[in-house]
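These come from TrEMBL:
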ACT_SITE  Asp299  active site, proton acceptor
BINDING   Gly179, Arg243, Gly244, Gly268, Asn269, Gly270, Thr271  ATP binding site
BINDING   Asn269  Mg(2+) binding site
BINDING   Thr297, Ile298, Asp299, Met342, Gly343, Arg344, Glu398, Tyr450, Met451, Ile452, Arg453  substrate binding site
DOMAIN    172-474  domain 'Phosphofructokinase'
SITE      Gly270  site 'Important for substrate specificity'
Amino acid sequence: MDALSPATIPALLAAPTTARADHSLLSSVSFAKRSRRIRRRKIQVRAEAAKQAAIDFSDPDWKSKYESDFEARFRIPHLTDVIPDAASYPSTFCLKMRSPISSEFAEGYPSDEAWNGYINNNDRVLLKVIRYSSPTSAGAECIDPNCSWIEQWVHRAGPREKIYFKPEEVKAAIVTCGGLCPGLNDVIRQIVITLEIYGVKQIVGIPFGYRGFSDTSLAEMPLSRKVVQNIHLSGGSLLGVSRGGPTVTDIVESMEERGINMLFVLGGNGTHAGANAIHEECRKRGLKIAVVGVPKTIDNDILLMDKTFGFDTAVEEAQRAINSAYIEAHSAYRGIGIVKLMGRSSGFIAMQASLASGQIDICLIPEVKFNLHGPHGVLNHLKYLLERKGSAVVCVAEGAGQDLLQKTNATDASGNVVLGDIGVHIQQEVKKFFKEMGHPADVKYIDPTYMIRACRANASDGILCTVLGQNAVHGAFAGYSGITVGICNTHYAYFPIPEVIAQPKVLDPNSRMWHRCLTSTGQPDFI
């Protein structure tokens, strides 16, 4: 996760962190006991209701009140909220009309009324699609103790028939913040291409994140289809990335000076907090500026979305590291391979990579506590694995087991706590454990983090990036601001930024996917 400096927007970056689940892992020898524990713990209302004001379930109208409150929360901000008389124009985006847009259309754009490719403003996407019958169901997300079914709808993404900017008056800027992630160039490319289809001539890239707005030594980069045509064939970011940056006031003033009236922000939770602060400052000043986010987090830890770009590539590239660790461990006498993957607060990469490889014996994630030592600890299970099959492979997320390490109390430029290195710690403890037993193990440790971050996007992420980039532009031209675009139940939707940055998305230890991972690894509880 990335962010502006806490000193820049302290209120927005003080978002609460999700309390990490404390459920034990599925044990093949203690399933009944675990089920009883889950039932005791899970008969409670999940986080959905926690986002709401206190709900009086005895009120016969509580469902309609909940739905009204949900609709208000997920209403996406529009330019007409602050500029009621903002003019709209027929869209210049029409795939049947391919003639180039020029200044002769300044007062009235051509529109092919027969084209049914526009999204109606009232189109919605269903947020939740599983109807749970009980809070004890695996992965249940219930609003009330009876798990009542309530439809929750979010705004469908795509081009609108009316737009609120004249393309020849638009100066669009793109900024990439935080760390690297596969797919950044793909999104940049598609934003530029879609802007040009609308008829925009002024497109610039802001170099090195938010700091590019204040650092006078960093000149904005002119962008066009010719410039970005092949950038998706390489990893990294054409614009460069950085953490931290100037104050929100300085950023908005810089945008005014540059004449920027569309800003596309690619980043994680912290970057989106910054984007929302920029949006609010523009509204306060009554500026006709659209600020649209594209969620970028390789950890897949942004709320409400099926996945974020870069995640699929990370899981795929992690297979190389896992396979190397497996070969090293399998080929050595008493070999143990340890692979550390990304995942500060969530274990999605570690879980999916373990499932995909089929070579992992132990998967450790931030959401599930574990002990290294003791009769039920990880080390004792490694001893059992070496005795049973001669080798073992461990996959650990970087945020796992932080309670076992000494806290540094340090933060990076984004305000994120600097984590202890759990991978190195496990490596050292494993070596020490088997050496003291008098039967040393051959331990190989692999950390592929920076190799994975720098990769180009795979085909799956390439498609996701393409659609996200296109829909970001559609949203800006439709007059929406303070929104982000994501994939929800395989459909693309717009979300108000505050709803997706309220807290990091974490893996539910009682979800079916985590149970599948445990079935694959065969690991017991480590408590």
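Glycine residues also receive a Cβ, built from the backbone N, Cα and C atoms like all the rest.
Source: prediction; values computed, not measured.
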Integer Å distance between the CA atoms belonging to Thr297 (substrate binding site) and Arg243 (ATP binding site): 14
Recorded positions listed as Asp299, Glu398, least Cβ neighbours within 10 Å: Glu398
Other C-beta atoms that fall within 10 angstroms of the C-beta of Gly270 (ATP binding site): 28
Between Thr297 (substrate binding site) and Gly244 (ATP binding site), the C-alpha gap once rounded to whole angstrom: 16
Asn269 (ATP binding site): tally of other CB atoms within 10 A of its CB: 29
Cα-to-Cα gap, Gly270 (ATP binding site) vs Met451 (substrate binding site), nearest whole Å: 23
Pairwise CA distance, Met451 (substrate binding site) versus Gly268 (ATP binding site), rounded so that it is a whole Å: 20
Candidate with the highest Cβ count within 10 Å, taken from the binding-site residues Gly179, Gly244, Gly268: Gly268
